[in-house]
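What follows is one structure encoded as structure tokens, with my remarks underneath.
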Amino acid sequence: DEIRRARLLLQNSGKTLSEPVQNDQTKQAFLLSLSSVHPDTDKIIPVLFRPPAFLPISLPLVIVSSLQLQAKQTFFCQFVFHTYTTGFTLLNGNGTTKAEEYLVQQKQIFHGLGAISYAACIGALPLVFMDRYTLKSSLTQLVVKKLLPAPLLGLMSAFTAAVVRSPEFENGIEVMDRNGKVVGVSQKAGEKAVKETALSRAVLFGTAFFLPAVLTYFMERAKFAKTPRAVASVRMFMITSVLAGMLPVSFSMFPQCGEIKRADLEPEIQSSTEETELFYNRGI
């Protein structure tokens, strides 16, 4: 109800994105709408999948996934982690994709479940090999538990984001001119939007795993923390700090309102407008 009242206030005040915000009430209504309502569909986003909820929910999942205990526990933790991030990507992606043969959202859910399972398996695979072939040397422990988790999590986060949003580059997304008028539906714009989002996910979670692991390794070598509990506490603090710092960096790597040159679009769109730059909703 509060969100709907905020949207009604914005409509009645006649404000647009290009006009300055003149009072605190309108500003708060705009921020609430921006963080709670999908820009393409105008539907209210479920509270657990809104941008303000991303850090509080993903942080404990990242911390648990970083423990690298046994293969089964790692698979379960990463399955839950990728389930949440994939749901967030799905609900905050571009919502203009249309297809007559099937429901786009059903295909996204089906592809997402497959991608989540595959990503969780890949995350647990090094531990499976280590346990299966009893590889317990210090070098193996360093590679499997320190070096591999960061690139694997980063790549799998990008992979799940690309898979769940695959209809956007298969069927295209709407592109608009500066006045918000829809010019056409472009597969190239959809491909650009998905690539940028996948890259931002890889940077976010790859960094959130890599930096704490490196810092913890040097901290253990320097014997800064002498007990396992102290090491775990410092590692948890590092993951929290890095993820909190990288989250705004990841979300702002590419603007949510993406731009693409007319020359990079399909010929039918180029012939339908004289604008040199067109715009689309990249999603988060």
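Just so you know, glycine gets a Cβ as well, placed from its N, Cα and C.
Taken from TrEMBL, the feature transmembrane segment applies to 109-130 (among others).
The transmembrane segment annotation in TrEMBL covers 142-164 (among others).
Beyond the transmembrane segment (198-218), the same-chain residues lying 6 or more positions past its ends with a Cβ under 8 Å from any Cβ of the stretch are 62, 66, 85, 89, 146-147, 149-151, 153-155, 157-162, 231, 234-235, 238-239, 242-243, 246-247, 249-251, 253-254. For 198-218 (among others), the entry in TrEMBL reads transmembrane segment.
Among the features that TrEMBL reports, transmembrane segment is placed at 230-254 (among others). Counting residues 6+ beyond its ends, the transmembrane segment (230-254) has Cβ neighbours under 8 Å at 51, 54-55, 58-59, 62-63, 66, 196-197, 199-201, 203-204, 207-209, 211-212, 215-216, 219-220, 224, 282, 284 in the same chain.
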